[in-house]
Amino acid sequence: MAAGRSPPTFLLLGAAGGGKSLLLRRLRQLSAEEPAELGEPPATLPTVGTNLTDLRLPRRVTVRELGGCMGPIWPSYYSECSALLFVVDASNPTQVSSSCVQLLSVLSAAPLASVPVLVLFNKIDLPCYMSLVEMKSLFRMQDIVSCATQPITMLETSARDGTGLADVLQWLRTALKDPC
């Protein structure tokens with residue numbers, strides 16, 4: 001990274017209540033120079049506005065979490081985006097269709113046409129979660145991936161118990177290898 005150049009910015013988007021804030025806190029814990037045990041999840045409040053969090057992967061990146069209620073203004077942040085994380089609450093079937101519409105809108109935005117995308121089906125620790133196969137079917141992910149211009153990866157995660165978070169960090173490291 002050249003002197004004076006800001007670190008790459010990754011966007012963290014998704015519907016309200018999907019677990020974005022906890023996910024970001026857990027990723028920060030796991031990417032610290034001396035990672036701490038995750039322990040009990042801290043209490044979180046719905047994000048109103050934006051949260052900026054730096055992660056070390058080992059290169060520093062900034063993750064900008066945008067509150068789910070800010071969907072109408074998400075596009076104003078797309079031009080600075082180097083990679084995108086989109087969180088879906090896999091335990092909330094009533095939110096699936098709105099999350100799918102949001103994802104399609106995000107993927108069709110011109111500034112994100114070549115940005116790598118990670119779709120996270122979160123909250124798999126809850127007994128009512130839908131499996132990756134069910135979520136892919138409901139989202140018609142095969143159709144979305146075949147029509148998208150971006151490379152899309154999907155993972156199951158639990159920000160609460162840490163399942164899948166090491167895979168998220170690995171994906172972020174891989175995304176950093178692409179020129180920013």
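The first residue you see is number 1, and the count goes up from there.
The backbone N, Cα and C atoms fix where each Cβ goes, glycine too.
Note that TrEMBL annotation is computational and uncurated.
Per TrEMBL, the feature GTP binding site maps to Gly14, Ala15, Ala16, Gly17, Gly18, Gly19, Lys20, Ser21, Gly68, Asn122, Lys123, Ile124, Asp125. Close to Gly14 (GTP binding site) in the fold, though at least 6 residues off in sequence, lie Lys20, Gly68, Phe86, Val87, Val88, Asp89, Ser99, Gln102, Leu120, each with a CB less than 8 Å from its CB.
The annotation Mg(2+) binding site is assigned in TrEMBL to Ser21, Thr47.
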Cα-Cα distance linking Lys123 (GTP binding site) and Ser21 (Mg(2+) binding site), given in Å to the nearest integer: 13
For GTP, whose listed binding residues are Gly14, Ala15, Ala16, Gly17, Gly18, Gly19, Lys20, Ser21, Gly68, Asn122, Lys123, Ile124, Asp125, the greatest C-alpha pairwise distance in Å: 21
Most Cβ neighbours inside 10 Å, all chains, among the binding-site residues Lys20, Lys123: Lys20
Winner by Cβ contact number (other Cβ atoms within 10 Å) across the binding-site residues Gly18, Gly68: Gly18
Cβ-based isolation winner (fewest other Cβ atoms within 10 Å) among the binding-site residues Ala16, Ser21: Ala16
